[in-house]
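Visitor: Let me give you the structure first, and then I'll get to my questions.
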């Protein structure tokens, strides 16, 4: 038997790309065979020679840029799959097992918080010690320069080479991919153990190297990685998870999605020490679906994180952690500033918002161009990526070291309570090259970690500390660095660069208009940072709470809200948010909530008509037909339709992965019949179906087996979501997004004998505005009118 | 012609109850006619003599308690209705009109914030002045008692009589009804101008009367009323709104829903001066659907509110507002307390949470019983309601006046910085009946407005201010008052009573365990209040932020989070939240997000089989048939199904209100034909269909007209949401709630000639767990296993 088994697909060099390539090939073949009138199995008719000839114009790519590589991506199954096997699984669960499941959910949420908190604390500890020691031993002039540049290059080298060699997906912030995951797009290799490891070490390296990037985005990614790994029992592959008995209830994408939401919130919480802000960030920016129960669980995770952070800070306050930990829970405390403002202040604050929105969208625009350029460089291979990263590091070191020499020395203000110049490594008034009693204001900003720089620029009651020129240099430098640093191959966050840029901008504005303003310059820096964040990232409530928790000044809240709203409005009228730009650049098929007005003028039937005809199976199907369908199409779901005497039965939808699982288990019937329940349960458990990533290439089927049958009843989701063919795309999109679908079946208006109960099938890719407009260009014209 | 017109339904004393009553009548009639085998029109067959005889066991009431009266309630149409007329309306909108619509949305959100802020400030102003003057002129002993009781009774009288006579719906908090509205349940007379007026004056009266209730719930209702009135052009009836050209784009329930969400957030913001908390409260507790765009708009509204409040407070700080306004934006500021805690503190804090959860659920339990009792009393009529309210007022006055005499005098602590005894009307150390240099601690709590009482009990660095006995008396008193006051016929909020109770409980616990605790007693009072709130209302994130914004102490946040989580967990394991209890008592058909496990074992087809058979219409239908269907069923939507040669067409769903609109306009055709587009547009605009509340009784149709036809094509929503009959109720419920449906059509698995394309139709009532369990008792048994 085994000797006659032949592999179905020839091993080819293009294995990863097989399905889409094969789809085209199959289409070409169908054309050819149709012309020739060649004989073929009548059962495969609908596939190779569609009854209704259509021009397949709605093409959609299943590829996206992951890391710097083009990879095949798939959608996730967030829909409740009601097939016999899964239904049996729920029904057979005892109440003890249900309790166990609930307990497990909460335990995992707790562990996500705990581990994220611990890892974030360790990262902070490492960064502050490495960067602190680096600055402490900094000598003057040429030696100093060589030393600084060398250390920074070495640290960048560690971060970049780890990223390049072991985990290309660890580069960048990771937030867009998490956003896409929660929307239903599975980016491969995003949440593995190697990614987590590289992200942790890489973050420490790149932040300590003084690059203009933050650890915020990476921490969100780290939190999500921890969540994903926990939900899989610590392993990157599904197999291990399913083998663990206690984890077998986590065999669906929904539970994993919830836990990753907890992880993302925990990450934000750990980054900003902002538990409520973390929850809201997930809610507003990252998550696509949200339930009240999830809100609560997420909140629990962030509560755990904040307790861990607090415990760490308290432990370190007694000096047991080296240079780390002299500070409280609040990162940039400005609570001691009295906020009082009048109507004319509101005008200037509005100006902060408007300019922030303009600057933010300009930043998005230029960063978009830079990322395209970097994409071309990174395509050239590992060496190019490394060289790029090191060049940016070198450029940063030169600027940080050299620029303070441009600033003149400022005499200390004797009346101030603070020691000036500050004696230590970190502090607000750095002596640098100045005589005693004087300080170099630019050095105070540039010879510090990024966190310290923000603290210095937020400092209150020091309106004359920084000169206009120094602030201008600082602002210009960080504009350039913020643009050139983000795209390099190291873990990098967007928050801190934008906060640095924004705070400089705010303080600059305050200094320029100082005769008109009554609010402290430090608060203007806070407002500037908020404005630029909102202008670039377009968040409102979550940013507001994050800033509240960062600065601990509740009275600042009303004006922060106004600045955020104005900046967002201005920004939104110019270009999309930075995350949308990155999602688009990477080609991730993210489904936006907003529906374009023209979507109301197109029906789902019109949309489906632009696709190749539906390929459907029967409930009891020949193995050969299944193999052929899997081989010749790239679809991930197939409608199961039966044709009993005089009528049609819409039996449901079967997933590609389940078909492959059946073929792999070789659960075949000799004759065309329906199987008994016990027959299936003897061979299959719900866990077998939950397995992912098995491809058709791994299955070998003999000629004999090809003639046998498979009973698809137990594997078919009998309750796919359906819409009437006359529904507008806009309305269908609401359903698709709100319920979290992967496949949406279109049923006909007219039903009767001989009429197929399925008109078409829509997937995420079909509903993306960009793809629709490509197939229906006249709608795009209408749009511009 | 007119002379021969006869009213279709006889005017009856049960007009409001007509449809459900008629439904039963029709069912009885059908039975009767079926037995008799009487002749009837074959076209009306499906209605009077269902093809498939079913036992209609799934009955559902369309009545709920509104105010204290049983009223007929309807669901709202949040679904996008894709009928020809509405589609034409969208398509014909110019881009200018679209901009106008967007501008209007934001302007209305602004106005909601502005008006809510102004009204809230005026209410505060009135309350503080009335209550302040009342306490200022308070004499001793019998005179004082008579004076206090008299004033309180008079104020209660004003509030209660307004509520009883003009707007019964203004009694209570209004939050459950708003919650139900946003879930899709339209409670009548909830958002009218008279309700708004009574709520404002009633709140001032009842809060000034010293009753144990807050203005928080009423403010939420006031915000929502303002929003609703604005969206209708200031009038209670739809007509006016639709006449205003600039408001005609607001002709759907969705836009009104969004604005009411803004209103509810603004109300919370105004109550607690908590803009972020307001948004989160709406998000977590009130709203059912949520979009990112709405988050942003709600945030805008609350930002406006907080600026108005701030402006008012600043204006009043100079003493221009009588006794109002000595204080800042933060209501109960405890930011000056240093929070530091250790591991053993966490244990005690956990105890606060556990006990808070127990107390909160006990409160829910007893309040439930009290409300049932009050419901019986209130049923007896207006006089009973008034007497009940006045008795509670009298009881409150006696307790507030008499109890302080039980407390002994306490000598002032000379070392404290505060003046003692406090000379003024409001203050922390009231002299009352004590000699100079002494104060009466119970009087400090009871001889004050509720807000001042909270401030006093939250006061920090005063561990020995209150005696254990005084706190015990205060706690016991407010437990009783909190239970007896809530159900009386005045506008009342739940927040403040629970905060008062909780803060006393927290401080009591701190005092009892004072040798073990290291955190300030005032903070324990805060934690106690949070625990009880969470234990009763079961919110987490929003309460956390509200408490943060109330107390301005960020460092308290981590332990507040833990207390809230613990209290909620404990409470949830005992009974449902107080809002759920009230919703249930009122009989409002609220659809919960949680799906019970047994819902997975029931398919929608089984559920639909327990209902009377579907009543469907044809696309071109006889007037007589439409009238009959409307008269004999209470359904609000009818599937439109056609039977062309050899097949069946699922044309869509037509709403009762649209049918009535057609009958009212008498848009009839002489022959059975399809109308041209221009014919309809000549007579109908989308605005005509948006009109609500017109009943069949208001339409008179002549015998001749009954023989004519109506073309339903332009009025039929051609894209109703559909599910396959094999779908489980649990899965269908997700769709129903997530997309915000009113009707869900069930399509058959098998299709073919002669098979109806519709198996059944489900509404909100059918999907409520309670109703399903009544029809399928065996599921309930399974539940308990």
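One is the number of the first residue shown, and numbering goes on along the chain from there.
Each Cβ is built from the backbone N, Cα and C atoms, and glycine gets one as well.
Bear in mind that TrEMBL entries carry predicted annotations, made automatically and left uncurated.
Checked TrEMBL, it gives:
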- A:610-671: domain 'CBS' (DOMAIN)
- A:716-781: domain 'CBS' (DOMAIN)
- A:31-51: region 'Disordered' (REGION)
- A:101-125: transmembrane segment (TRANSMEM)
- A:145-167: transmembrane segment (TRANSMEM)
- A:294-313: transmembrane segment (TRANSMEM)
- A:346-366: transmembrane segment (TRANSMEM)
- A:386-407: transmembrane segment (TRANSMEM)
- A:468-488: transmembrane segment (TRANSMEM)
- A:554-571: transmembrane segment (TRANSMEM)
Visitor: For the transmembrane segment (A:145-167), which recorded stretch in the set A:101-125, A:294-313, A:346-366, A:386-407, A:468-488 gives the largest number of Cβ pairs separated by under 8 Å?
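Guide: Most contacts with the transmembrane segment (A:145-167): A:386-407.
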Visitor: For a three-state summary based on DSSP, what are the helix, strand and coil counts in the domain 'CBS' (A:610-671)?
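Guide: Split into helix, strand and coil, the domain 'CBS' (A:610-671) gives 20 helix, 20 strand, 22 coil.
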Visitor: Work out, from DSSP, the number of helix, strand and coil residues along the domain 'CBS' (A:716-781).
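Guide: Per DSSP, the residues of the domain 'CBS' (A:716-781) fall into 27 helix, 17 strand, 22 coil.
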Visitor: Ranking A:101-125, A:346-366, A:386-407, A:468-488, A:554-571 by the number of C-beta pairs under 8 Å to the transmembrane segment (A:294-313), which range is first?
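Guide: Ranked by Cβ pairs under 8 Å, first place goes to A:101-125.
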Visitor: Suppose you look only at the domain 'CBS' (A:610-671); what would the mean pLDDT be?
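Guide: A mean pLDDT of 88 is what the predicted model shows over the domain 'CBS' (A:610-671).
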